[in-house]
């Protein structure tokens, strides 16, 4: 069975170029991939460590100021969670089912509609300099009819698929065992978030790559790739089957395996939602995680199947991407200067020599 799954996973996607025989360089490729994987792991550790340190500093500082100036008694975060429980009537079903659905739905549309206003109007114009794919080369701003088509499918996925999945997820969490009362320690939350990131990478990479198999692509995943130049709300514009196995299941597996506190699960689902909206936004904004890799996936189809890039490096599914200018730009932008200005496209060679040649031919 596992052999069959691996065979299906390794089949080419319909858009991949013709395979090239690599038997003579197999050992060299293996060593190269190991080195690349090690490099990706080191990069991930650096990014994760920096994020954890920054988040800890922010949390401690914010809590100190809130307690000092606002007179907060006890643990500020626990008191805020108690307010949430009060709203939910201290009912486990209300917290686990309704709360989880409302939290993810609200985040998706508050942030998604901010992007959509830009996508519909092309304003404010100064933000267009952060567009990854040139607006002049694509149908941008997008039309209302395009947006309506996306809204229809996304809402179908959120209500007809998302609600039953959330209900099932609630009962699976109850079966697994979890807490929804006293909040876990801050250190434990950070540990669980880190593990959720890794579990999602495994689930998303392999499910996504499976969907690019020729037997599945044209029936399921092709709908998502109708948007070669994606916009934020197309993050879950896809076939319902894809929505279950590629959008909902991978981020849910982490909290299920770990038995995460409901608040931790909400925080994780929020981060995962923000991540996929950013990845599909088509904008490389300052101080946002780089969406270059997934934008390139929509442009070329057969590169960058994962979220972190670790498994892409391991399996060599980012080999073409790493040779492009988009790869050089695949960093967090820490300046207001657009990334395309910091890493400009290759300037075209002067046509002077070509003109000389053509003149000679005419003579």
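Cβ from N, Cα, C; glycine included.
What TrEMBL says about this protein:
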- 195-317: domain 'Fatty acid hydroxylase' (DOMAIN)
- 37-58: transmembrane segment (TRANSMEM)
- 95-118: transmembrane segment (TRANSMEM)
- 154-173: transmembrane segment (TRANSMEM)
- 185-206: transmembrane segment (TRANSMEM)
Pull the DSSP breakdown for the domain 'Fatty acid hydroxylase' (195-317) and write it out as helix, strand, coil residue counts.
85 helix, 1 strand, 37 coil
Here the mean pLDDT of the domain 'Fatty acid hydroxylase' (195-317) is 97
